[in-house]
Each structure stands twice: as structure tokens, then as C-alpha cells.
Amino acid sequence: MLLAIEQGNTNTLFAVHDGATWIAQWRTATEASRTADEYAVWLTQLLAMRGLALGDLDGCIISSVVPQSIFNLRNLSRRYLEVEPLVIGENVDLGMPVRILKPKEAGADRLVNALGAHLKYPGDLIVIDSGTATTFDVIAADGAFEGGVIAPGINLSLQALHEAAAMLPRIAIQKPEKVIGKDTVSNMQSGVFWGYIALIEGLVARIKAEWGKPMTVIGTGGVASLFEGATDSIDAFDPDLTIRGLLEIWRRNTHLKGE
């Protein structure tokens, strides 16, 4: 069985694939100081709930945008799974061209998402990943990563409002019923939520105009579901882009493709 680890700035996803399908997925808060031993204790308990053990895992692939955490995740695989993990960005064949000025600067999460999208959706694509940052990634019809846009994430914007403005409270994001708010909280909700809808619609329109060809827009990421039904600029929402891409990279690099 394969353990796929996708680590973002806010959350870390652990997913188990049994060779046919994904049988389990768990998320934990990303903490750079968490040790391999702590990960192992946490993972052991969750696996046991599914009737599994660490010894059932015979492969591991890691995608992380937190460099200081990779050492501990690698040790988790080496020490407790007794396998050498495949780490995205370390001489790994992604199976896709990266057509940007400095390919090594492209985040592992963005590249894996791009591959996951290309595997399922034909033609030219825009992938919008709503997480700590909101990224807009352009994928050509041949699967190439063409670059894109990075903007602050919606929760990061809320946090900045609270921390920089003494009178503004800390609030959780949700879709407001109306654009015009009647109190401070609804004003903030509207500004952030509808502001991000405007950001999405505006950038999608500009990217499409610059690209000059029809494009399908895919939404993914931790808060992407919040935008469902709020805009026509996103054609589909797909939470599995990352693990789909990781599985393909694992198969390509371990000669298991098609098994």
C-alpha cells in the first residue's frame, strides 16, 4: 500500500492507496517541529481504526511546501515504514514539461495539482487552489505547466484584517447572504468572500483573454467548496487533484504504472 503525504502551509494530508483505490484520508495541522515519532504515533492510531498497521504500507511519496518539515517526514518513512520515500522536487520525473523561467521555483503542490488536473480534464486548464495562498495555475493541452498567479488566501486576508486593524474582530469565513453588510462582522464577511469571488472572476477573465483559447477552470483546495454556487467562472470542483497527481508520479517513478 502507498502512503501519500501532501503538506501545505496550513494542513498536511495523509492518504492510503491499496493499489486500486484510495481507502483512507486524514488531515492534521502542519507543524514544522512535529517529529517522525509524533507522526508515527498519530498515524498508527488512525490506521488501526481501519484495521491497518504501519507495516502494511510499503511505499511513500511526499509533496511539501514546508522545507523544514521534509526531514521529519522522510524519517517517518525510513524509520517506521522502512522504505525510502519519493520526494517531489528531488530528481523526480513528473512526466510533464514546466515552461516557466525558473522551473525549480515552482511549488510542489502546484505541479502535482497541474498533473492531477491534466490526467482527468482535456484541453487547456486553469486550476484555482484555495488554501493559505490562492493560486491560479495554467496548464496547456499537452500537460505543460505554464505558470500563473499567486494571491493571498482568503483566511490569510481575514487574519491580516484582524491583526492590523485594532477594532476588527477575528471571524470565521462564510458566505454572506447579501453584499451590503449591516454590522462589522457581515461587512468583513462580505468584503472577503465577495472580494475573492471578484478576484476569481477577474483573474480568470484576464487569463483567458491572454491565453486566447478556450479553457476549463477547476477549483480545489481547503476552502474551494465555499465558492460552489457563488460564481460561474469555475467549471468544476475537484478535491482529489493532488492525490491523483501523486499516484501518477509514484507509478511513473517506480515502474508501477498500470498496476
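These residue numbers are counts, starting from 1, taken along the chain as shown.
Using N, Cα and C of the backbone, Cβ positions are placed for all residues, glycine too.
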Same-site residue for ATP (record: TrEMBL; known: GLU6, GLN7, GLY8, ASN9, THR10, ASN11, THR12, LEU13; options: THR35, THR44, THR132):
THR132
Need this for a regression test: binding-site residues ASP109, ASP129, THR184, filtered to those with Cα within 10 Å of GLY8 (ATP binding site). What's left?
ASP109
Could you check the binding-site residues GLU6, ASP129 and say which one's CB has the fewest neighbouring CB atoms inside 10 Å?
GLU6
Determine, to the nearest whole angstrom, how far the Cα atom of GLU6 (ATP binding site) is from the Cα atom of ARG110 (substrate binding site).
11
For GLU6 (ATP binding site), name the DSSP secondary structure in the helix/strand/coil scheme.
strand
Using a Cβ cut-off under 8 Å and a sequence separation of 6 or more, which residues in the same chain sit near THR184 (substrate binding site)?
MET167, LEU168, PRO169
